[in-house]
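Chemist: Supplied in structure tokens, the structure appears directly below.
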Amino acid sequence: MTSDCSSTHCSPESCGTASGCAPASSCSVETACLPGTCATSRCQTPSFLSRSRGLTGCLLPCYFTGSCNSPCLVGNCAWCEDGVFTSNEKETMQFLNDRLASYLEKVRSLEETNAELESRIQEQCEQDIPMVCPDYQRYFNTIEDLQQKILCTKAENSRLAVQLDNCKLATDDFKSKYESELSLRQLLEADISSLHGILEELTLCKSDLEAHVESLKEDLLCLKKNHEEEVNLLREQLGDRLSVELDTAPTLDLNRVLDEMRCQCETVLANNRREAEEWLAVQTEELNQQQLSSAEQLQGCQMEILELKRTASALEIELQAQQSLTESLECTVAETEAQYSSQLAQIQCLIDNLENQLAEIRCDLERQNQEYQVLLDVKARLEGEINTYWGLLDSEDSRLSCSPCSTTCTSSNTCEPCSAYVICTVENCCL
């Protein structure tokens, strides 16, 4: 709303002092003119021309706001009778005119400032290059591939860890079996050692019995020899001189008895020897079989232990390879995260700058809104003053209604280079 109205021109051609009516007086009002040029593209009819004022006698001065709401005050024309306007009322109207002119000047300057700001904002918006978000899809694809590889590696590590645990459990089982077999072998070796001691004792007993039998045989031979010698000696002493026959029980055959005893002893010894040899052979065979089975089991356990050791070594090597691969992938992920973190920091900085600019724009908008509210308050206050002005005019209308003046008013609204104008002619204005 740009407006700068020219000064109000009141041109009284004549104001007589006779008792009759004075010559006609005209007041020309021009509104909605730019400063210095007096030309505008807007020609508006004053908003308050629709108000009908029934006046009898002299017509009051005309007020036209136009596009700039600038009233035309004919206060300097001496056409009123008996001092209708007092000095205080004239000063009040002059003060209101000054306030309205300053208000219109302020509105015009604010509109120019707003137009300048709008042009600057439009230029800035045209100069701003829209930020194009870079395409990070290939980086996202690379990250997804690396994440899939990491997940596969973790699954493989878990599987290898499970296999390693199973191998450790199998190794522990075989170790416990080996220890049990070793303890059983030691027990069998202890039994064999004890059986060897028993066999040696039996062999010693056998040799003792054989020596005892030999000594008994020698004693028997000595007894037989002594008996024969004694019998022969007695026979030689007696000779044929004495023949004594005794009716006694038959004598025992000592040789037969000794032979029987020897046979019994030899039979017992043979049975004992055979039983001992058979028992020893059975025990030895069992021990040999147990030893062979234990040796086979021990060899199998040793082979399994060697195989498990080789498997554990291979798994350890594979685990180290997987760990190195995992470390390299983690380093790659860390580098990627650092790169994207730096890019994200740059984007965040850009976002912060844009947010700061947006905050500044919002502050400017709030400030302009506050200024607009202040202007609205000023407008409301000025409207109140204008209403007061109208009240004063109405009071003057009521006071002038009794004046014996006849007034004619001709108005003309035309759209010309200098804007709308209205000509008021006051005729027969009496002093």
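Glycine is no exception: its Cβ is also placed from the backbone N, Cα and C atoms.
Just so it is clear, the model here is predicted, and its values are computed rather than measured.
Just lifted these from Swiss-Prot, have a look:
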DOMAIN    89-400  domain 'IF rod'
REGION    1-89  region 'Head'
REGION    90-124  region 'Coil 1A'
REGION    125-135  region 'Linker 1'
REGION    136-236  region 'Coil 1B'
REGION    237-252  region 'Linker 12'
REGION    253-396  region 'Coil 2'
REGION    397-431  region 'Tail'
SITE      Ala338  site 'Stutter'
Chemist: Roughly where does the region 'Linker 1' (125-135) sit in mean pLDDT, to the nearest integer?
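Modeler: Result for the region 'Linker 1' (125-135): average pLDDT 67.
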Chemist: For the region 'Coil 1B' (136-236), DSSP counts of helix, strand and coil?
Modeler: 100 helix, 0 strand, 1 coil
Chemist: By the DSSP assignment reduced to helix, strand and coil, which category contains Ala338 (site 'Stutter')?
Modeler: helix
Chemist: Ten-angstrom check, please: count other Cβ atoms within 10 Å of the Cβ of Ala338 (site 'Stutter'), all chains counted.
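Modeler: Around the Cβ of Ala338 (site 'Stutter'), 10 other Cβ atoms lie within 10 Å.
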Chemist: According to DSSP, how is the region 'Coil 2' (253-396) divided among helix, strand and coil residues?
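Modeler: Split by secondary structure, the region 'Coil 2' (253-396) comes out as 143 helix, 0 strand, 1 coil.
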